[in-house]
Amino acid sequence: MVLLAGDLFHDNKPSRKSLYQVMRSLRQNCLGMKPCPLEFLSDAASVFEGAFPHVNYEDPDINISIPVFSIHGNHDDPSGDGNLCSLDLLQAAGLLNYYGRVAEADNIEAKPILLQKGNTKLALFGLSNVRDERLFRTFRDHKVKWFRPNAQTGDWFNLLAVHQNHHAHTATSYLPENVLPDWLNLVVWGHEHECLIDPTRNPETGFHVMQPGSSVATSLVPGEAVQKQVAIVEITGKEFKTQNIPLKTVRPFVTKEVILRNDKRFKDLEKKKDNRQEVTRRLMEVVEEMIELANADWEALQTDQEALEERPLPLIRLKVEYTAPEGGLYECENPQRFSNRFVGRVANTNDVVYFYRKKTVQRKATAVTPTDAMDSLADSSDLVKVESLVQDFLSAQSLKVLPQGPLGEAVNQFVTKDDKHAMELFVSEHLSGQVRQMLGLESDDEDLNSAMEIYRTRVEQQLNSGVHKPTIDRQRVLLPQPATWDNDFDGNWEDEPNAWTYAPVESSAPLSTARTGTMPFLDDDEDDTQPAAPPKKPTRATKAAPKRAPAKKAATTGKGRGRKVVEESEEEEDVVMDSDEEEAAPPPPPPKTTRKAAAPKAKPAPRAAATRASARSKQTTLTFSQKGSTQQNSVEISDDEISDDDAFEPVPASSRLRRR
């Protein structure tokens, strides 16, 4: 079996090419007809929480000969909708067994995978990455529960894979070895990139610790220059032994530091004027030596002649301190221009050399300005954590409205997890919280600054106690567009700042609430009973005409020769023509008084529909009580007049249908 201690991918959202290469490698090397001799004894549903709660080599549809077990690290941790990570994809594909999930960082339950081969029993524990400060507090409060097999507890070899800081960068930003249970036999420590593969015994707890390190160099620091190795661990009963295997395909990396005033090759050079060319030439000689050393180290590991022909370009890092003695000066070339001299010979063609000068003044404990904080961090080392950078930057100035702790979390999510909306979400959430705090004041005499300070203090305490959830568990949601919003005059609704809100990923309550709020506008019954809603545009008048169709059928049952039917249909058709050709239709002619006999016929039918009456109430200019209107309609009954008028061409067809 293969055990990974996290960070299978360097990015939280790996590229398609990276995911493809990993899946191809797992499929080529782990699938096969050879049966897996490991017997799975634990409850798979309690240790595998994915869509397939079973170990992959017991799946009847997949032939796994070498199973892979992995926890997640800080680079490939789960996030976003569904709280999924890249390991979930590999587990769903049946290529990997993802275990060691941490459901609650403040209440951790470590359940082992129980495996047996022959007489050897292995209890495989996993503790995926948790923010170091929170994990330190969880262990301090004794909120970590370890599950062990009940039967034959002393016969099990207990192995733990963990992914945390191994060294104390700050007082609480690491996991001490002495907080782990002493009944463990071996701890495989991930996260640290320096390769310390040989097991070391902890004298206090008694277990051994292995630190395999990273498989490739991800930063140009001395810890990455150590030979990369993996190890084969052979467990027999309660004893184990390791066999180290150097990695042959890793790009060679050589780093070196030169202090010009102490190096004999640069002696008395600071006293010469215009010594830039000479300093550059001698530094180039140092880089040439480093390139030859890197190539020689890589060739010494190779046993295949074909591999020697495909030698990769090395990584070279030269740190130069050019602080000159009093009265002297070292003139150094631009570091990028110097690095570009080795294009085609090194892999890092932009940062081969790093120039720095030793500070003559003592470093200030507290920065006075943000610029001082940035300068002090730049002089300390090449690798700076995002949280430390934000903390040191804000130590020079205090935040009045936004809390400092969640700001560091948001910046870390933006930088390391590529969350584009982390900062926007943070600002929106806490500005809204401050506004609610202000609105909750009982009187205007209360101090606003004190109220803002109370809110910031409460948020900081929640973050320290683990109550405050990180902003990565929320997502950006677009609110429904209001009915009164006009894109032509008001602009696009998506561009409006108030059109967006933030909702938890696990729940879609804001979306469902918004949808139910718009349901009354989509009710069919209301649309039938109120066809003439207050319109916003003149074209809405066209919807009133079709609603009068039932009224026409009711009118046909009335007495008479059909004149009233024709009058009603012509009135309705006039409304339709006016609404359809609102701009092109000519204005209505003045009322005529030629035929007065049509006036008594203007009484509406008693069986008219309610919808027709509602629609007629909106059209005050067309009523049967006006003689001019009815006379005009009766005049237009003539087929000759209608046939000559192109604008009213559809009307005769409707009137003839009514007469039939």
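Start at 1 and count along the chain as shown; that gives each residue its number.
Just so you know, glycine gets a Cβ as well, placed from its N, Cα and C.
TrEMBL: automatically predicted annotations, no manual curation.
Lifted from TrEMBL, the feature list:
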ACT_SITE  H75  active site, proton donor
COILED    269-311  coiled coil
COMPBIAS  537-551  compositional bias 'Basic residues'
COMPBIAS  568-584  compositional bias 'Acidic residues'
COMPBIAS  596-618  compositional bias 'Low complexity'
COMPBIAS  619-635  compositional bias 'Polar residues'
COMPBIAS  637-648  compositional bias 'Acidic residues'
DOMAIN    240-414  domain 'Mre11 DNA-binding'
REGION    504-660  region 'Disordered'
(request) Can you check which residues sit near H75 (active site, proton donor), meaning Cβ under 8 Å from its Cβ, same chain, 6 or more apart in sequence, and list them in order? (result) G6, D7, F9, H10, D11, N12, T416
(request) Give, as a single whole number between 0 and 100, the mean pLDDT over the coiled coil (269-311). (result) 87
(request) Kindly assign H75 (active site, proton donor) to one of the three DSSP-derived states: helix, strand or coil. (result) coil
